[in-house]
């Protein structure tokens, strides 16, 4: 008897006592046996395959980074590097002309820090130009930034304050317009610092020599150092993920293929490389990665120098972090969609570099890593508790993720005791990352090119409260609005589903999944109710 016949008989049996229950039971059994269990088995197979791909990639990078550290293959040994010194005959002309770009948008809390740090760079004053690219829409903030630039100009700093009539292209548009000014023609290199980045004075003395003695080098990327990593638990777990990105992913790409994704800031570009690659493009929300891929296809080499550290700020509010992660997951997937054929057809780079960019850089790290984390650990494994016929091997549930976790955690030894929180936090965030990845790869929805500037707090939390300001009591409406803004329905919905799975497994299961599922439920609820990150103090 087929499924359609069973449904028809069930509908006709509504008038017969007990028949409907029996028929529905048969329908459920048929659906379970011929639809749900096979589908779940396929999902398990696909998730295990993606897990193995991710595991091999992490293991490979672990082996490479170990060889790099044991062999002492530092960048200054792989590339010619000599300290730049004054030349009596040539004078300051011995130093290349450097442009420093600082793109900003309504950066009230951090504009002074970034401009001040850039103006304090120790480089011959006649061989450096500071360019502040202000896209601010708040006239008060715009005036403050302009006054700050005028103040530094009065001290003899060669600083330019540039504005646009629109925000077309967002950051990419601002950087592109910045390079069009006539005074840029005399510059050889451009270094970019986002508004919350503060380079040390010797930044240029450490980075520029890689270009001077190696004409094939197009980019030198420095490492980020987080000034607010200890602010809250959310910033601590972010630090763990980003430390792995810089210390392993960037280092491996630099030392093996001379390619990695530009991080958009704290890096120096050879202007000739930017122009040969076609300049800045705003076709995705990862204009930095877009430029890096195009420049690498032209044959330019990239150098990551972990010894150069630039202070920066991690997003400490959950709202800011969610927007940032959407951009960082949607953008690469969308760029992969746009560039995969261009990479395949390219004649300038060898086959192995193409495989590295397409498979390792894009497919495994930017797409599979996000999708498998959410689909396997937040959907498939919880659902399996209702279907004991579906067996997930213990190596896929425990051994593989444990090894991946350990490889990540050892890059931040001071936070090793927080590794459980890191796992649960990353699983929750995989909900947004996988959603962003699918939006990018399918180019679906209005959020594919959504650009929301990551909110920075600067030293807001350290400033004493002004007691002279009158306290304004919030109305019931405003309190309700504040509470509503803290609710995140996607997290609450997933948390509820996993809670149901955990309870069922605790009562009827045999694999002890509920030990993990209850912990994941708590993580989804904590973030769903907004009890994560810091709260911005009222002004």
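Cβ coordinates come from backbone N, Cα and C, glycine included.
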**transmembrane segment according to TrEMBL, located in which of 345-366, 367-388, 433-454** = 367-388
**Chain residues in Cβ proximity to the transmembrane segment (513-536) (below 8 Å; excluding those fewer than six residues from its ends, i.e. six or more beyond)** = 231-235, 315-318, 321, 377-378, 381-382, 384-385, 420, 424-425, 427-428, 457, 460-461, 485-492, 494-495, 498-499, 501-503, 505-506
**Request:** Find the average pLDDT over the domain 'Glycosyltransferase 2-like' (190-384) in the predicted model and report it.
**Result:** 96
**Prompt:** Taking the transmembrane segment (394-425) as the reference, which of 42-68, 367-388, 487-507 gives the largest number of Cβ pairs under 8 angstroms?
**Reply:** 42-68
**Asked** Near the transmembrane segment (487-507), which residues from the same chain, at least 6 beyond its ends, have a CB less than 8 A from one of its CBs?
**Response** 318, 378, 382-383, 385-386, 428, 431-432, 513-514, 517-518, 520-521, 523-525, 527-530
**Spatial neighbours of the transmembrane segment (367-388) far in sequence, C-beta under 8 Å, 6+ residues away** = 32, 36-37, 40, 43-44, 47, 50-51, 53-54, 329, 332-333, 336, 397, 401, 426-427, 430-431, 433-434, 436-438, 441, 494, 497-498, 501-502, 504-505, 508-511, 513-514, 516-517, 520
